[in-house]
Amino acid sequence: MMRTNYCGDINKNYVNSVQVLCGWVNSYRDHGGVLFLDLRDRTGKVQVVVEPTNKDFELASTARTEYVLKVTGLVRLRQTEHINPNNPTGEIEVVAQEVEILNTSIQLPFEPDNSRQINEETRLKYRYIDLRNPVMLHNLTTRHKVAQAARRYFSDNGFIEIETPILTRSTPEGARDYLVPSRVHEGKFYALPQSPQMFKQTLMASGVDRYFQIARAFRDEDLRSDRQPEHTQIDIEMSFVTLADVFAAGEGMIAEVFKAAGEDAPAAPFEQMEYADVMAKYGSDKPDIRYEIDITDIGGIFTNSNFKVVSDALANGGVVRAIKAKYGAKHINRSTCDKLTDLAKASGAKGLVWLKYSDDKFEGPSAKFFTEEELASLQHTLSVEKDDMVFIGADKEKVVSPVMGAIRKELIKLLCLKPNKKWAFLWVKHFPLLEFVPEENRWDAAHNPFTAPLEKDIPLLDTDPGKVKSYQFDLVLNGVELASGSIRNHRRDLQEKILNLMKHSPEQAALRFGMLLNALEAGAPPHGGFGMGLDRLAALLCKEESIREVIAFPKTATAYCPLTESPNVVEDIQLKELHIKIK
């Protein structure tokens, strides 16, 4: 080994010992002929002192930031007045005996310590500099700990780690596939997997019983802060299980991951809510439940109302829901109400009713349309007090829920609400199985075409498919969808029935999903599992807004890699071998 220790690990326990350290020059300064170098590696920094009597003093004097050095030196305590309490190695320094320059560095476009202030494309172009930033190194280390903790947990609980293929067949469901042309099979293509879904279900039919994988998945979709064309997920599947068993496996893994990342393990079991209840209470299927501001159904107050906004909504089978903004009048003025109304319209509403409670009465443009009895009932139902505000949405449930969800999220910011805890997990379960696509006159999977319906709802597949609830679930953490999964269909006849509702003919179903369908009719056990976003989990634990901050070499928002300048044009001979012509 070239070194005896890492820079950040040297402390007063090493005083009077000779250590060999390697790293980058983080900074240098000359104080009265004595050279001070801060030597950095991934663990931290240590101060190196090169005295003028040192035989390598002249060589060390040529070192500049980001030069790579090997230093042999004696560890000593700093004088009391020179101790740096902000550095874990701040009590000691290393007096150099030998200095060797292992490599020089050109003038860099930015200093690693300042990389987080640089525009993202430049950071990604020079990622080898950006990753030297201590925050980035911490993020990658945390990601590693998350992956290792997940592996340990599943390995210790009877799961087998199995790799599934990266080159597979295209099944045009969900996002677009990344296609890979075959040289050997002219005119045919592989697809990169959007998930290991069919393979892991086939493994359950194969008797594997418990599978896990740190899996790569690929989706050709428009990007956001929490999306990449390629991502990593902690993927599991289990045989002979109920929803409760799958939840317990996820909760156990999360506990180990949090401990590995230096966080307190969250209390289990996590809170569970039905999809319909979550949408009614929070207006979102991935709510941040740390904030105590809820949506309330107030339709019962207005059953005989003359205010057409609410009466028409109720007459057409819609809902009327409200959010109380505690002391909202202290934070929200008329201009802000107009912006909230614009937000409601952008989210699908025709408008937004708002009221302010002051001097024991409601005020606002719409107050005059309500009767005294309705306003009194509203005040009682929502426990409205002085300076509170009320925001009301009225329309079809599928319109009101997301609108009020958007208003809730904005009110959390406007009211400067504080979360009531650091971490809040929520299992959202029993999503609708299907949703209707009117322009195509067919049903489509609300989440996953392989999700099982609730047993009691199976008869509804023949009469009212839109009312069928499923064993689909999401795990939400602080308003972020962390995992998605379900109990699967393990019978071919039921799976084909659902695919038929989605207008997959038997021939199409056999062509696209034949591998899985054949496995299901060969004695597949009941099974279920989930895929959890490793990138998202690491980003949350690192308190990062974007998953790009926890991925070593991510793409930009346009799926471009500035470091490798890909995607790129390839040579004609390569295209010819693949039987491809570019027009």
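Start at 1 and count along the chain as shown; that gives each residue its number.
Glycine residues also receive a Cβ, built from the backbone N, Cα and C atoms like all the rest.
Since we're looking at a predicted model, the values are computed, not measured.
These come from Swiss-Prot:
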type	residues	note
SITE	HIS31	site 'Important for tRNA non-discrimination'
BINDING	GLU173, ARG219, HIS447, ARG488	L-aspartate binding site
REGION	197-200	region 'Aspartate'
BINDING	ARG219, ASP220, GLU221, GLN228, GLU481, GLY533, LEU534, ASP535, ARG536	ATP binding site
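Rounded to the nearest whole angstrom, the C-alpha distance between ARG219 (L-aspartate binding site) and LEU534 (ATP binding site) is 16.
When the Cα of ARG536 (ATP binding site) is compared against those of the recorded positions HIS31, HIS447, ARG488, the shortest separation belongs to HIS447. Secondary structure at ARG488 (L-aspartate binding site), taken from DSSP and collapsed to helix, strand or coil, is strand. In this structure the alpha carbons, written CA, of GLU221 (ATP binding site) and HIS447 (L-aspartate binding site) are 16 Å apart. Take the Cα of GLU481 (ATP binding site) and measure to each of the recorded positions HIS31, HIS447, ARG488: the nearest one is HIS447.
A Cα-Cα distance of 20 Å separates LEU534 (ATP binding site) from HIS447 (L-aspartate binding site).
Residue pair HIS447 (L-aspartate binding site) / HIS31 (site 'Important for tRNA non-discrimination') shows a Cα separation of 65 Å. Applying DSSP to the region 'Aspartate' (197-200) sorts its residues as follows: 4 helix, 0 strand, 0 coil.
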